[in-house]
Structures are given as C-alpha cells and as structure tokens.
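First the structure, in the form of structure tokens, and then the observations on it.
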Amino acid sequence: MMFGRLLLACVCLTPADPVQATYRLVQVPEEAHFAETFDSDPLDRRWVQSKAVKETDAEALKYDGQWVVEEPAAAMYPGNRALVMKSSGRHHAIAAYLHTPFNFMHTPLCLQYEVRFGRDVECSGAYIKLLTQTHLLRLSQFSESTPYSVMFGPDKCGTSHRLHLIVRVTDSSNGRNQEIHAPQPVDDLTVYFTDRQPHLYTLQLYQDSRYEIFIDQSLISQGRLLTDEVQYTESPDSQPESPVSGLGVGSVAALGLELWSLSGEVMFDNFLLTDDLKLAERWTQDTWGRKQPGLLERLLIATNSRPWLWGVYIFTVGLPIILFISYMWPDKRFGPPDQDYYYKKFDEPQPDRQPERDQPDRPTSLSDYGETHTNTLYVQADTLHV
C-alpha cells in the first residue's frame, strides 16, 4: 500500500507539458570579439548568406539552403530565438564579421555555441569556421575554399559521430600552412545527435597549444596540439596572408557556417568568441545556465530513456520513509489492537475459554444434587474405597 502511494506521488510530479518560463534578453558584452543571441536584430543586419555559384554553372548558387531565425517548435522559453538551418539535402553557407579581429597572441581563445538537431540525423554538420583575416575575404563569396584558422564542432554521417577540432598553423621552418587535427574524444557522442536537446559546445585553446573541449560544461577532450598524436595535412594555401600569432594561428576576421545537411532543422544559438574566460563564464550563466532544468526535473527527464529509474527512485525514497514510520508508529506496521491475542503487559488475565451460553449450569457442590443423588454418591465412594 505504501509503495502504491509513493508511485502515485512520483507520477503526479511528472509534468504533462513542459513548463514555460519567461525569457529575458541577454545583454551582449561589448568586450567580446563576437557575441550573438539572435533575439532582436533581423538576420540580414549582420549575417551574410553566401552568393557563391557553382563552378560548372555560373547561374546556379552553390549554397541554396535556407537560413531563418525563429523560435524552436518546442520552445520552453517564449522569445528565445535561434538561427536554424532549415533545408534538407542542401548546402548552406552564412557568415558574419567579428566586432574586432582576433589575434591569438598573448591570451587564450574561447569559442562556444549551442547546437540542437531537430530531426533524426543521417548526415549533417554543425561545426564553425573562424575565417582567416585576408585582403581577399568577402563573406558574399564564402565557400569551402575560404581560408580558415580554426574549425570546431559536431559532425555526423552514417554511424560516425565526430567532434572536429582542426587548427591551421604556419610552420615556422618553411612558412607553409598545415592543418592539425586533434584526436577524437573517447566518449560516445551519440546522445548529443539523437536526444533533440540543445547542447553547449566549448573550445578553449591556449598559446602553448593546449586545448580543452567541453560539452554542456563537461570536459570531453583535452591535450596539446603539437605533442599529441595529431594528423598533419598540407593546406592549399602555401603562404600565409594574415599576421601569424600564438602557436602559428592566423588572425581571425569573421565567423562562418559552411555545411551540408541531409535532414535540416539544425539550430544554432548564443555564439561567443572571446579571450576572457571570466566573461565566457558569465555569458554561459546568462544563456545556457538560465535554461537548464532543476534537479527534480532532470531526474524526471532521465526516466524518458531509462524507465527502470522509477524503481530506483521509489526504492530510494520509499524505504527510509517506511523504516521511519515503522519505528515511530508501530501500530501503522502491525495494525490496530482488535485481535484477542493483542494485549498490553498490564492487561488482566483472560479466560482460556468462555462458557457456552446454551449449556445449562452444572452443579458445583453436593447440595446441588439433592438427597437422592447424595446417597448415590456415597455408595459410589464406598465402593471405590473397597
């Protein structure tokens, strides 16, 4: 009975519909090199969609996928808009200039943004490119051949779930550009592509070639780009056109998304590029942290993919309650004292058997038998004596 009540209470705690909360606009920090929430300005005020054409057909756009700014269909925070890569089976390309160019010299690089895959992912990229500062950079002609300094973010095709970190550096010995590919994380990344929830991807890159990669503020991968077992590939750009800084990374002038998606409906939100890690922490608290569910809601959400957790919750919560009630109120455990055998120590003794009501009273002395019966009893007694 007790477990039934606990189960009913747990079920009642499960929200029938997501609880909507009021969304507050986030103030964009002026000291950041780039910050974007998509909550106020129209898309074309800052972002430029690529107009690059195909090499085989000068009349056909190479990137004909649609970009929109909208609220997700299952938005828990009305007013929280995001950039959405809408089209399926299309190439997409869009970019925006930084507030100020990023020179990776004396301070760390922190890049972070949120991604949500709104459909089952068969093949789709969701990575960012930090475009190298050159005199030839034109965002309207942004394409796969546009030079970049850093590429970072998730990518899936078939059964391969990847998290890219590619850094283009200049070899100080010969001045040629090379690409360094960081090793893939050892953790299974499947859930980040399948749960249809937004996830926060963060890259922290340091001047000594150390890097740290976080997903939802949890460390996924770390190492050194110049000492780990990295893959070097020759970059098509033989000579750098931008100032070389830090570990050899070219200065960054813009941020871009150049992607193929077979499914579409990929959401991007809350981009940040800064050299101030404290600022990044505040930004995370004001954006990602504000939208995270509480402990109870996270426990309930976990039961969607692991129904067996209900048994763990009930046992964990119910057992201490039952033990406490059994100790403090024994009557609740054994029931009310309505049985004949349930007595306290100071109760008066009870007869083993009550006299039957229909049975006539039996004589208890010789006088009760009368004179005739008395003589008979004496004779029987003498006989027995002999």
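Every residue, even glycine, has its Cβ placed from backbone N, Cα and C.
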Candidate cysteine (C110, C157) that TrEMBL pairs with C123 in a disulfide: C157
Return the count of C-beta atoms lying within 10 angstroms of the C-beta of C157 (disulfide bond), excluding that atom itself. 14
Under 8 Å between C-beta atoms and at least six apart in sequence, can you list the same-chain neighbours of C123 (disulfide bond), or say none if there are none? K156, C157, G158, W260, S261, L262, S263
